[in-house]
Amino acid sequence: MSFTNLKKKWKAIRSTRVTAIFASLAVIQFLVLESLQLKILVQHINLAEYVVPNLQFTRANSTCYLNDILTPLSLPYSENAIFLIFHAFQVYFIIDSIIYRNTICIIAATILNFMIGIFGIFQAKDSNALITGLQQTCTKLDPTYLYSSFTGIEVPHLATAFVFTAFVATLTYFFYKMFGLVEYATNLSDNSLNSAYRTRMIFKALLKVNLLFIFSYCFLSLGAIFPLIRDSATVTKYLFLTHFLILMFSFIFASIAFFALVEESKNGMLSFMIFWGLLVVDLFYLLVAHGSFAAAIGWAFWILFTVIFLIVTIATFVFAILAFKNFGKGLKTYFNHLSLQEYESSLFLQKAKVIDAENHRDMRTWRSEE
């Protein structure tokens with residue numbers, strides 16, 4: 001990336017108050033939530049260091065049998081990895097959307113922010129189930145230490161995530177007021193083309209979020225699911241291997257989808273849709289085959305994460321079909337993000353600054369009413 005491009009992107013971020021505040025908020029959110037999640041990770045490590053020396057390697061005359069505790073004790077690490085990935089993705093997703101004034105991606109980022117808060121609730125619920133299970137399985141562990149080790153950080157992380165979600169949602173409203181009226185009107189005058197362009201942008205946003213879930217799910221698969229099935233039948237292990245290969249190939253087919261959108265390649269999009277249908281079936285099978293077991297061991301986070309992953313994957317598949325139907329209708333020229341040169345056009349900046357001034361007055365009005 002050239003220095004000139006970086007200067008243009010920096011100028012795009014600083015072009016209005018809303019974009020500058022939004023980008024700053026994204027960075028602050030990343031630093032705060034990432035640091036809190038790292039503290040939770042440290043707590044999980046400290047908990048393991050406290051519990052493991054008390055475990056017994058044989059079941060005879062022992063309530064602290066290693067095999068009963070080791071798997072539940074390892075599950076939180078996969079959840080930690082997912083949160084660290086999500087927080088890092090959010091700062092990229094929001095700032096990239098700000099630079100290219102992509103209202104659809106900003107809305108998607110807001111929804112994702114809310115989902116992170118929901119995932120945080122289930123992370124806390126899983127931690128509580130883990131502590132309860134450890135206390136029941138290994139009675140010689142100190143219950144006071146077990147409970148105090150989590151409430152100190154997980155609750156602040158959860159509360160902070162929802163506070164940032166409220167701020168992001170508020171700024172999304174102002175962002176939409178500023179760019180929602182301009183983003184498509186500056187490019188396409190025909191309403192049908194506007195609708196088709198919007199469909200493609202929604203598909204592209206969904207595909208990015210889908211890739212986030214796929215990357216995160218790799219940690220769940222290797223860090224949690226594989227240890228759970230290590231003693232299972234050979235058929236189960238082959239099915240897991242198939243599932244993991246599907247996750248790996250998803251990155252390749254997602255790249256094909258991005259290329260197919262730019263070039264309006266019907267063969268490329270068809271191959272993507274066929275593969276994505278296979279991914280939907282794979283996730284549905286995982287829920288049916290392992291959902292009850294996950295519920296039995298108190299792993300609610302995996303159930304919720306898989307359900308949301310499945311919903312996002314189905315939505316991506318549906319919008320892939322809708323985008324495919326619009327191939328050949330003259331959208332090829334307009335598909336890519338608006339260029340930074342267009343962003344700097346006097347017409348756009350004039351409109352953006354007018355709306356930014358209105359937003360600034362609205363913000364001051366809100367503060368005065370409070």
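Just so you know, glycine gets a Cβ as well, placed from its N, Cα and C.
Per TrEMBL, the feature transmembrane segment maps to 12-32 (among others).
Marked as transmembrane segment by TrEMBL: 81-99 (among others). Outside the transmembrane segment (81-99) by six or more residues, the chain places 9, 12-13, 19, 22-23, 26-27, 29-30, 33-34, 37-38, 40-41, 105-106, 108-109, 112-113, 116, 119-120, 123, 168, 175, 208, 212, 215-216, 219-220, 223, 305, 340, 343 with a CB less than 8 A from a CB of the stretch.
Positions annotated as transmembrane segment by TrEMBL: 106-124 (among others).
The feature transmembrane segment is assigned by TrEMBL to 155-176 (among others).
Per TrEMBL, the feature transmembrane segment maps to 205-226 (among others).
Among the features that TrEMBL reports, transmembrane segment is placed at 238-262 (among others). Among residues of the same chain six or more beyond the transmembrane segment (238-262), those with a C-beta under 8 A of the stretch's C-beta atoms are 200, 203-204, 207, 210-211, 214, 217-218, 221-222, 225-226, 229, 268-269, 271-272, 275-276, 278-279, 282, 285-286, 289, 320, 323, 332, 335-336.
Long-range neighbours of the transmembrane segment (274-293) within the same chain, counting only residues 6 or more positions beyond its ends whose Cβ lies under 8 Å from a Cβ of the stretch, are 225, 228, 239, 242-243, 246, 249-250, 253, 303, 306-307, 309-310, 313-314, 316-317, 320. Annotation source TrEMBL lists transmembrane segment at 274-293 (among others).
The feature transmembrane segment is assigned by TrEMBL to 299-324 (among others). Residues of the same chain lying 6 or more positions beyond the ends of the transmembrane segment (299-324) and with a Cβ under 8 Å from any Cβ of it are 75, 79, 82, 115, 118-119, 122-123, 125-126, 129, 199-200, 202-203, 206-207, 209-210, 213-214, 216-217, 220, 224, 257, 261, 266, 269-270, 272-273, 276-277, 279-280, 283-284, 286-287, 291.
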